[in-house]
Amino acid sequence: MAGNLVSWACKLCRSPEGFGPISFYGDFTQCFIDGVILNLSAIFMITFGIRDLVNLCKKKHSGIKYRRNWIIVSRMALVLLEIAFVSLASLNISKEEAENFTIVSQYASTMLSLFVALALHWIEYDRSVVANTVLLFYWLFETFGNFAKLINILIRHTYEGIWYSGQTGFILTLFQVITCASILLLEALPKKPLMPHQHIHQTLTRRKPNPYDSANIFSRITFSWMSGLMKTGYEKYLVEADLYKLPRNFSSEELSQKLEKNWENELKQKSNPSLSWAICRTFGSKMLLAAFFKAIHDVLAFTQPQLLRILIKFVTDYNSERQDDHSSLQGFENNHPQKLPIVRGFLIAFAMFLVGFTQTSVLHQYFLNVFNTGMYIKSALTALIYQKSLVLSNEASGLSSTGDIVNLMSVDVQKLQDLTQWLNLIWSGPFQIIICLYSLYKLLGNSMWVGVIILVIMMPLNSFLMRIQKKLQKSQMKYKDERTRVISEILNNIKSLKLYAWEKPYREKLEEVRNNKELKNLTKLGCYMAVTSFQFNIVPFLVSCCTFAVFVYTEDRALTTDLVFPALTLFNLLSFPLMIIPMVLNSFIEASVSIGRLFTFFTNEELQPDSVQRLPKVKNIGDVAINIGDDATFLWQRKPEYKVALKNINFQAKKGNLTCIVGKVGSGKTALLSCMLGDLFRVKGFATVHGSVAYVSQVPWIMNGTVKENILFGHRYDAEFYEKTIKACALTIDLAILMDGDKTLVGEKGISLSGGQKARLSLARAVYARADTYLLDDPLAAVDEHVARHLIEHVLGPNGLLHTKTKVLATNKVSALSIADSIALLDNGEITQQGTYDEITKDADSPLWKLLNNYGKKNNGKSNEFGDSSESSVRESSIPVEGELEQLQKLNDLDFGNSDAISLRRASDATLGSIDFGDDENIAKREHREQGKVKWNIYLEYAKACNPKSVCVFILFIVISMFLSVMGNVWLKHWSEVNSRYGSNPNAARYLAIYFALGIGSALATLIQTIVLWVFCTIHASKYLHNLMTNSVLRAPMTFFETTPIGRILNRFSNDIYKVDALLGRTFSQFFVNAVKVTFTITVICATTWQFIFIIIPLSVFYIYYQQYYLRTSRELRRLDSITRSPIYSHFQETLGGLATVRGYSQQKRFSHINQCRIDNNMSAFYPSINANRWLAYRLELIGSIIILGAATLSVFRLKQGTLTAGMVGLSLSYALQITQTLNWIVRMTVEVETNIVSVERIKEYADLKSEAPLIVEGHRPPKEWPSQGDIKFNNYSTRYRPELDLVLKHINIHIKPNEKVGIVGRTGAGKSSLTLALFRMIEASEGNIVIDNIAINEIGLYDLRHKLSIIPQDSQVFEGTVRENIDPINQYTDEAIWRALELSHLKEHVLSMSNDGLDAQLTEGGGNLSVGQRQLLCLARAMLVPSKILVLDEATAAVDVETDKVVQETIRTAFKDRTILTIAHRLNTIMDSDRIIVLDNGKVAEFDSPGQLLSDNKSLFYSLCMEAGLVNEN
């Protein structure tokens, strides 16, 4: 069949050379050029050109007017000129050529295709933004075909002295080459629009459109579209504004929706859903396209050894021919009796270059597609994790801590992204091995089967090693989660840690997980990786050695150079898939673990969708807006055995009414509000809520942004109502005090605000939302009495802003009950009594009446309580009508791909500052980033962390390994040349033994090198750097935590530490290995052909230039990637902390949208970063192809001089063929080193933070019993929170005597909490000092000060762990002492009821299984244990009910009667029995005297405060 086809082709051709395709000279035959290359080019144009013409004619005009400049005119003129040349050429053909069908058909088809091209050029110029792909490829094929024709004519004229087609034909062909190349160049040039629409677009979007969208096919293949950004990065330091928009179809919103749809289909349609399959269905098409490119690349990779063999055979034959001019030429046809032409060698060399060049182009299209797929997966999964976290049930939230979910985002998603780089190698590796083995079979015959046997034997060992590594990898992820959980908890509770001086025990807890679990496991993992690496290094050598051994003893042929070096090249090609397979398997193992973790998270239980039914709002005052009935029962978790949260609930709240819920600590007040939000699991009854909801949590959730952003909360700004809200929530004075007013940054969790300010800010957010229903969880607890009265009157009362709304208030503020329309008493999760205020006051035996009678101001009625208030700042004629309040104006759906996305992202990075693209230094503290090249001292710091001696040993063994490997190949060259000389295989045993010894030595050196890397370098550095950063962060002052989002710090402990642990050592290793390999390769080539040095010097200049040109841009892009990633985690952590609030306001979509914008912002830095890598790699691999061309061409040139043997050519080119791949790896590893060393730079930045004062000052340590008296003196004391801020305490001069009980009062922001922080040196003195028992506290260490004082802080922070660990983390006290403390703090009963573990009962993250009141009591228990003479109570019982408060206050009086007590309290009645009262006003001591003395003066500030609290009256 094949013979018939050849015969038929020859008849069509009628050429003495035949159809070919390769001629005797090594070029294409004329028939092949005309009949195949040029004919196919024309058919391609006719077929696809007409298709594009039709499509463009149907397409609407793009709307962009292009200038009719010289480019289009030149194109059209040149096409017409090409038509003329083809016409002249067709007229110039001879009679013989006219009978040649291939020539005639070529001219006919070319002429037709040119007219199609002419029409397409004209139409596409106006109707397409991108240069037409069909035209580009057509002119490329035409240029190539005509150039091949030109070479064909020249070679035959040189060797045969004949002008085929005549001299005229040659000149016309030359002109055709020039014309086609010119048109190709002009078509590739970008078009210039008549209107500068891109600049307008850029102004509107604040981001430049991505040039990838408008780049032509060649620009995309060569990554030239990146050149603009590369140039910008070379000329200046890149900032976010320099980045492009993401290309089309890259938005995380679009990607996550596709993945979510497929995941939901999996859940619906399958009993065993697969997350992997959902990901494959969503993004598999891109991976298939990548697979197509990879297959082409792999085939081309194995073409090179065949070309090498042809070249060596040519060299052998040429040398043989020179030695014996009469010898016959074997392998060629008899009609070519002349000598072997040297041009054939040059053409083989050029073919090797062309294959290498094509290989590079295809490889990087493969990489582009896999990296894009990785981006898609990362964006989609990150967005889905965020969305899932918004709907997790309480039970699922308990299973997944914040640290766990952050790890899913930062580590597990990253592992899946990394997997995309390796995924195609799972088939490509075996495919390469099969091609390689087949090629070896064709080369060496049956002896290659021994190699197959070795590979099969190694498989079980490989499988065993992989199983162990998978097990260790699972453990590694578990320990990583545990460490992240501990560090997350430390950061969230850092204030308590410092107040209690618990830094040391918690640092030890963290180091226990890090050093004794995580790093120990990583050491084992490193050792197994070293064994795996040794196995895969020795396998290719064993295969080659055994194959050669079997060959020399079984085959009758000599093992000559034309067999050895192609075989050696194939063995080198075999080593890549064998080397990469363990990485692939390791990546698969890591990804499978991560997929399992993500699957578990995505299948976690969600909130019960019908827990509460949301209905349209009610219209009339008095209509039921909240209805819970049929003895409704709710659980915190779905498990039936779990403790019931609420039972037998029958509850109603009406529009326009205020319904109050009261009860003891832990009675279920918060649970009742949670069930209305839908956060609990309903097992019985029903629950309905009408209209929109606004929720104020008991612990105010404040976003890391400005005051204004916290109030607006995504709603449109309404200046008039905003002002009303500010006044009603008593924030006017606070905003006047704050430096930037409502533009002041409040810090993470509102850390720069007092408790009262946070409570009122949270309430203002609810008021401004203008919802239908308000669920308020004790917002009055953290505010002073007079502020509480203001809020009751102007917000909650009958004349307040919310008088027409449905209001449910859980409270312990008895004064609020008097204005309630309905009151419900909860006890142990059950409503025991409910009714109106009048009904309760009539029943003298009811529990509620007793509560009011004993602790509240008795009022027979409620009508006049606030009627005569003089403060009617909000109640003027400005109370808005119902309709006005309902105008809830949300932000429009903005195109966040454009300007607003950037604004949000910029704001998020600036701790959610202003929604403004510009940098405002007052609003934003952006994350610091270094600029320019990573300083050498960072590399030295890492080398020092790795242990310099170990680093030297590591590099030494790399050099030894590579030297032995090269010597093995040199020995093979020598052996094969001996065999060629003798025509047999003499002394085979001796040659094999030496070759074997060199190979084993090289593999053993690699094993030692890898063990040294992991065990003695990487682990050492990981431990050192983590310890350094941990110590520094724990010792940082509170100002650092106030101005730095926790997510940003956590990013350093998770992402940056992960890079140091897992990536940095590996990348340094591969960089050094490949750098040494390139050095040896160039040395071998230069030793073989010394002239090569004249090629390598200019190429090295280009190489270094490109690398440096690139590194400037890449470095900044990687830093921007790191910096834009931090806000994702910060926002995520912040959201998890305020889930109830986000869900309460139904803001899930908005918050998901913000998250997606932040992801897109991060991707807009990551996308150019990976493409910059491709941009450089493409250019450097082109240099690698030129090295192959240079080495091969010089070999042929020296052959002509008669100074080169086949062995030298084989050795030189076998190394040259490796250099492209090696250069590629050097580029990648240079990038990875630069990228990952930035993590060391970032860790070092946090390791060098400004520290607090020393923990211990030797020589100034106080006595053990200090303070023995409790005497406190403030001497002209002033302080501020940060150097740039105003003083918060001014010239304080007070003396508190031993055992004195002192109350501290003042309006919000007066400086009450600042006074206690000053006592603990959380803020340092700006002037003056504090003296305790005759020792100035600024002279002693912080540990000696803080652990000697006792405090119950305003923010009651609880750690994940046991009750014992929370109360006594140092294990300093006995169980009896701890139980006694719990008993005195009224928590013993609750702890016993939690589980049978007693003091080992588990508390969840943040004390989630305790109420806020119980958390405060736990802090009280801590204080009970510390035998300090000084106790500070900072609103210690603000969140407990009145009855518990009374008992606790009594306990404090008796248990601490011999101590000095400073009490800050909003309930003024709790400090009325103090010895003296400090009244603070604007940071100064306004009054300091006994309560009686201060009350006797009705003009005193204290008197007015008591008056407002209802503790005194005017009579």
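In case you wondered, yes, glycine gets a Cβ from its N, Cα and C as well.
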Annotated residue, phosphoserine, per Swiss-Prot; candidates SER251, SER984, SER1496: SER251
SER165, SER908, SER1239 - residue that Swiss-Prot labels as phosphoserine: SER908
Record-annotated phosphothreonine (source Swiss-Prot) among candidates THR804, THR911, THR1043, THR1203: THR911
Between GLY663 (ATP 1 binding site) and ALA1310 (ATP 2 binding site): CA-CA distance (Å): 31
Region pair the transmembrane segment (531-551) / the transmembrane segment (1181-1201), three or more CB pairs under 8 Å: no
Assigned element (helix, strand, coil) containing GLY666 (ATP 1 binding site), judged by DSSP: coil
Cβ contacts under 8 Å made by the transmembrane segment (944-964) with residues that lie 6+ beyond its boundaries: 998-999, 1001-1003, 1005-1006, 1008-1009, 1012-1013, 1016-1018, 1020-1021, 1024-1025, 1065, 1069, 1072-1073, 1076-1077, 1080, 1240
Same-chain residues near the transmembrane segment (100-120), Cβ under 8 Å, at least 6 residues beyond its ends: 12-15, 31, 34-35, 38-39, 41-43, 45-46, 49-50, 52-53, 56, 76, 79-80, 82-83, 86-87, 89-90, 93, 132, 134-135, 138-139, 142
Alpha-carbon distance [LYS664 (ATP 1 binding site); SER1313 (ATP 2 binding site)] in Å: 26
Remote residues contacting the topological domain 'Vacuolar' (152-169) - C-beta distance under 8 A, at least 6 residues beyond either end: 23, 25, 27-30, 33, 89, 92-94, 97, 338, 341, 343
Positions on the same chain near the transmembrane segment (1002-1023), where near means CB under 8 A and six or more residues out: 514-515, 519, 522-523, 525-527, 529-531, 533-534, 537-538, 541, 942, 945-947, 950-951, 953-954, 957-958, 960-962, 964-965, 968, 1057, 1060-1061, 1064-1065, 1068-1069
For the topological domain 'Cytoplasmic' (1024-1066), sequence-distant contacts whose Cβ falls under 8 Å of one of its Cβ atoms, 6 or more beyond its ends: 403, 406-407, 410-411, 414, 480, 483-484, 487-488, 490-492, 494-495, 497-498, 503, 506-507, 510-511, 514, 522, 704, 747-748, 751-752, 911, 925, 927, 942, 945-946, 1013-1014, 1017-1018, 1122, 1125-1134, 1232-1233, 1236-1237, 1239-1240, 1242-1244, 1246-1252, 1255, 1281-1282, 1322-1323
Outside the transmembrane segment (346-366), six or more residues from its ends: residues with CB under 8 Å to it: 25-27, 221-223, 290, 293-294, 296-297, 300-301, 303-304, 307-308, 310-311, 314, 424, 1174, 1177-1178, 1181-1182, 1184-1186, 1188-1189, 1192-1193, 1195-1196, 1213, 1217, 1220, 1224
Distance from LYS664 (ATP 1 binding site) back to GLY1311 (ATP 2 binding site), taken between C-alpha atoms, in Å: 30
Counts by DSSP class (helix H/G/I, strand E/B, coil) across the topological domain 'Cytoplasmic' (468-530): 59 helix, 0 strand, 4 coil
Set of same-chain residues at least 6 away whose C-beta sits under 8 angstroms from GLY1309 (ATP 2 binding site): ILE733, ASP734, ILE737, SER754, GLY756, GLN757
